[in-house]
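*Asks:* Pasting a structure below so you can have a look.
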Amino acid sequence: MSSPAPSTTPSISKDFFVDVIESSATEANATNRHGTITWFNLAIVVYFSIGGGPFGFEESILVSNPAWSLWSLLVIAVLWALPQSMTMAELSVRFEGGYNEWVYKAFGYHVGLFHSIVRTVFNVSCNAGYMALYYDYINTLYHQFLFFDFQDFTWTYFILKIPTLIIFVSILISVNILGAKKLSSVGVVLTVCVILPFVILFFIATPKLDLSQLVNFNVVSDEASFPKMISIVMFNLMGWDFVGNVSSQAKKPKRDVPIAMVVALLLVVMTYIIPTMDLVTTLDFTIPPSHLDSPYTSIEPLYVSMANKLWQPLSYVIEVATICGVFGLAAMFLQTSSQGLCHATQFNFLPRIFSRSFAGTATPYFAILFQSVFSFSIAIFVTFNQIVSLQMWFLSISTLFIMCSYLVIRWRAYIKKAEVEALFYLPFHPILLTLFVLPTILLSIFQLFYKVGEWYVIGIGLVVLFICELITITVVLILKKKSTRVELENTGYES
């Protein structure tokens, strides 16, 4: 096993920014290996970091209708996902330290450390959310096939949940120890497993293909909520910043990262479009919930209900595809977020132990184990629906920091009349770039404050941010104290 050699604790002084950037670059060059991930494998990493399948997107239909959901998807993909994918492709190629370095480059150590702590909270909560989501799906199978009945959140529920999650987490850790490249190869297989059933359903439904519901904007749902629909669609298009954590492992970052982002965006959008076309061909969303055959009153998940109407055996295949999609999502997120924790050590945001990796690899095993244990501890007591709003809130905070960091970096270079030193960058005036990312910033703010019925999320979020800032201030003061002591010792030595 190996880990980067510890460096001298940086001084929080006027030269601190330059000192740590140089230290970061030196360490990154020492620890990064020749890239081995192709643009296709990188696209799979991004794809599963974002969604890993259409599951969850159908919830946007239930609070609106297929027409509103689909066209909102296309609009939000342009206003929310596209700016992130392109700006983060540029940042990933320019700065291989990922979002830790992006925010640090723009705002300095204090803000960089604060953002890194917030991201750590988000990473752990998100990993816990995906573990909980996995069990939520398994729990439905338990209710269907076990020979005894049980109520959720009883002793029986937890007796089933704990060993199920232990097995799931053990498999997650095992595949993540293989590293990003091998994990991305596993992701290719999972992608086929996730998408293929819906492609088959599409061809089965083609003879009676009817897309008229995609231009019918009359909403009959009793739970109609356009803000909630927007929030759900945004959630299903999040996760672009994680490419920065593995971009250094690409064979040719200049070529591979931008291509991977574009391919992932197209793949994600098509993953949502094709199943939606299957749904409107099979189910009638113009039937109000007062009727028993309305899809809005279906007890089964919409995709399972759709498969039962087209070809029942495929309903079981879709259930398997759902589990594969959630597994791929959880596995890829654990890998990329662990790489992010590893990068954080390059800027003294986290202890060096988080960068420990196996000799000859770039797999941060301690970060993987740390997140797995803490996330497992949380996932035992929550469901996905209980934690998803909170993790989206923290992601919106992080997205605001990253988008503002991008603008600061580009505007700073423009004001100083410095050429952008990058193998790939968006060759536009900062004014155009500001307009380009403004919708993403506004939608992130929308996510922070739209919490109808979930106002507690804002309260919890603000408390966590306050604690993160207290930790940041404490760390900065400790570093200042150490820096002052070192300077005094050096002065005494010289005299």
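Placement of Cβ uses the backbone N, Cα and C atoms for every residue, glycine included.
As annotated by TrEMBL, transmembrane segment applies to 39-57, 69-91, 112-135, 155-179, 186-205, 225-244, 256-274, 314-334, 362-384, 390-409, 430-450, 456-479.
Quick one: where do these features end up spatially?
*Replies:* Packing against the transmembrane segment (39-57) from elsewhere in the chain are residues 69, 73, 180-181, 183-185, 187-188, 190-191, 194-195, 198, 232-233, 235-240, 242-243, 246-247, 250-251, 255-257, 259-261, 263-264, 267-268, 271-272, 274-276, 303, 321-322, 324-326, 328-329, 331-333, 335-336: each is 6 or more residues past its ends and has a CB under 8 Å from a CB in it.
Under 8 Å from some Cβ of the transmembrane segment (69-91) lie the Cβ atoms of residues 57, 60-61, 102, 214, 229-230, 233-234, 237, 240-241, 243-244, 257-258, 261-262, 264-265, 268-269, 272-273, 276, 399, 402-403, 405-406, 409, 422, 424-426, 433, 436-437, 439-440, 443, all in the same chain and six or more residues away from its ends.
Tertiary neighbourhood of the transmembrane segment (155-179): same-chain residues 131, 134-135, 138-139, 142, 148, 186, 327, 330-331, 334-335, 338, 358, 361-363, 365, 368-369, 372, 375-376, 379-380, selected by CB-CB distance under 8 Å and a gap of 6+ residues from either end.
Note on the transmembrane segment (186-205): residues 40-41, 44-45, 47-48, 52-54, 175, 178, 267, 271, 274-275, 277-278, 281-282, 303, 306-307, 310-311, 314, 317-318, 320-321, 324-325, 327-328, 331-332 of its chain, located 6 or more positions outside it, place their CB under 8 angstroms from a CB of the stretch.
Panel annotation: around the transmembrane segment (225-244), residues 42, 45-46, 49-51, 56-57, 59-60, 63-64, 68-69, 72-73, 76-77, 80-81, 84-85, 88-89, 91-92, 95-99, 102, 257, 260-261, 268, 272, 333, 336-337, 340, 388, 392, 395, 398-399, 402, 443, 446-447, 450, 452 of the same chain, lying at least six beyond its termini, place a Cβ under 8 Å from a Cβ of the stretch.
Long-range contacts of the transmembrane segment (256-274) within its own chain (CB-CB distance under 8 A, at least 6 residues past either end) are made by residues 35, 37-40, 42-47, 50-51, 53-54, 57, 70, 73-74, 77, 81-82, 85-86, 88-89, 92-93, 191, 194-195, 198-199, 202, 236-237, 240, 243, 247, 250, 424.
Counting residues 6+ beyond its ends, the transmembrane segment (362-384) has Cβ neighbours under 8 Å at 1, 31-33, 123-125, 127-133, 135-136, 158, 161-162, 165-166, 169, 172-173, 176-180, 249, 334-335, 337-339, 341-342, 353-356 in the same chain.
Distant neighbours of the transmembrane segment (390-409): 83-84, 87-88, 90-91, 99, 102-103, 105-107, 111, 115, 118-119, 121-122, 125-126, 129, 231, 234-235, 238, 241, 430, 433-434, 437, 440-441, 444-445, 447-448, 451, 457-458, 460-461, 464-465; these residues of the same chain sit at least 6 beyond its ends, with a Cβ under 8 Å from one of its Cβ atoms.
Residues 76, 79-80, 83-84, 86-87, 227-228, 230-231, 234, 392-393, 395-397, 399-400, 403-404, 406-407, 410-411, 414, 458, 461 of the same chain sit 6 or more residues outside the transmembrane segment (430-450) yet have a Cβ under 8 Å from a Cβ within it.
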